[in-house]
Amino acid sequence: MEDKDITSVNEKEVNENTNPRIIKYDAERRATRTETSKKDKWKNIVTIIASGFALISDGYVNGSMSMLNKVFVMEYGKKNYSSKVSTRVSNAALVGIIFGQFFMGIAADYYSRKSCILVATAILVIGSALCAASHGTTVPGMFWMLTVMRGLVGIGVGAEYPTSTLSANESANEYTTTKRGGILVMVTNLPLAFGGPFATIIFLIVYKICSGTKHLEAIWRTVFAIGCFWPLSVFYFRWKTATTEVYEKGRIKRNIPYFLALKFYWKRLLGTCGTWFMYDFVTFPNGIFSSTIISSVIKDQNDLVKVAEWNLLLGVLAVLGVPIGAYLSDRIGRKYTLMFGFSGYIIFGLIIGCAYDQLKKITPLFIIFYAFMNMLGNAGPGDMLGVISSEASATAVRGVFYGLSAVTGKIGSVVGVECFQPIRDNLGARWTFIIAAICGLIGIIITYFFVPHSLESDLMKQDVEFHNYLVSNGWTGKMGFDETDEESMVRTIEVEENGTNCSKKNAEIISVRQVDQS
């Protein structure tokens, strides 16, 4: 990534003439990294697709609750499924996601991305099955079990974020030199965004099979159970995923210097955390309560099919923003694509908020404006936050910094969900959109000052810069680059014992470490 605040630090603090541990980045060699065998290319493709696909589970979890909130009220009544219970069940997944993102982000740096992805998959499958099996001697007891199981699903979903996105990005880095951003968006945010409308499609199918409102309990249990299949369908392919050269050479196996990393990347981290908070504060409650919003502008608020159909149209239109962001990210850069998306919140949030009383009388027009707001949200922060956060730091700390950014976003989600109903009840429905516009403005300001402008660059270049920064500040630990050098030296000694000139070979090995292998 191109970032003056980091390269300037590197130029000032790194003096390769005085520190023998300084390594050089060989741009020419790395430019040919995509010229591999068909087998290696296929491995990268499988890793990219398999890593990102199960993120559909996050969209499915949110989208399914949007419709099931209506089902629970109709089946068990507002007394058993009050707004307080609804918020608790919804927030359980959010709290779980926060734990999963943070702790799996740390684990992804210390252990392999592959092992963490497999753990995330298993948690998702088990959690979804237990949601479907929620039971209690009383209805409130059943909802308490559902709350706990939704939290478990949330842990699995949260674990997916750092492990899947980082694995897909690092594999895409080895697959292409010019289109990594667009590829990452299409394999991660597309399934994530499509999960919502896909959940609505599944709901409509199950609703029809279960004879409508006659078997509401069967509907919600079936919808939850089907959530098991999305992560399970790619488990085998995830088992076969490959570990990239970027990860092997850029990782630190023990005693990661987090203080130095924070000192090096604080500005970027502030940018990704702040923008993700603003985005999730708006988009998450809008996703969960979209059926509530839609039902408030149609005549028959208990017509589940009508609500679901409008919800599906809204979701499908919003998904169209994903390829727009994928196209722009590799052309105008991540930063300006992010700002473009936030501007949609300002424009359409103000239009809907200021003209809410008029628009709610014209349901199709209301849905179109609402969809445009969500579409630009997907094109900007929805697409770019995962990309920026997964390439804003070196491999050694990429997991934990991505996790911190995503966790901050989910904290924004929790705050947004908690504030959504009180805002509607006390200020009026229009203010949910006006506040979205305010968040869009704040998002643009944070992006402008704290998010670096970048197009494509090799992730390993950033690893080299970070390595050199660490050693120039007295760090004595080992990165993958250093371990590669030690292995080369061992091979040199073995060659010497067989009668080969050691000094000549040793000089060649040092040159390889400093240039070719970096």
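Placement of Cβ uses the backbone N, Cα and C atoms for every residue, glycine included.
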Do Tyr247 and Lys360 come out on the same side of the membrane in Swiss-Prot's annotation? no
Based on what Swiss-Prot says, identify which of Asn80, Asn501 is the N-linked glycosylation site one. Asn80
Checking 92-112, 269-289, 307-327, 336-356, 431-451 against the transmembrane segment (185-205) for Cβ pairs under 8 Å, the most are found for 307-327
Mean per-residue pLDDT computed across the topological domain 'Extracellular' (290-306): 69
Check for me, if you would, whether the transmembrane segment (217-237) reaches the transmembrane segment (336-356) - at least 3 Cβ pairs under 8 Å, residues 6 or more apart in sequence. no
Which listed range (139-159, 269-289, 400-420) shows the maximal number of Cβ pairs under 8 Å with respect to the transmembrane segment (361-381)? 269-289
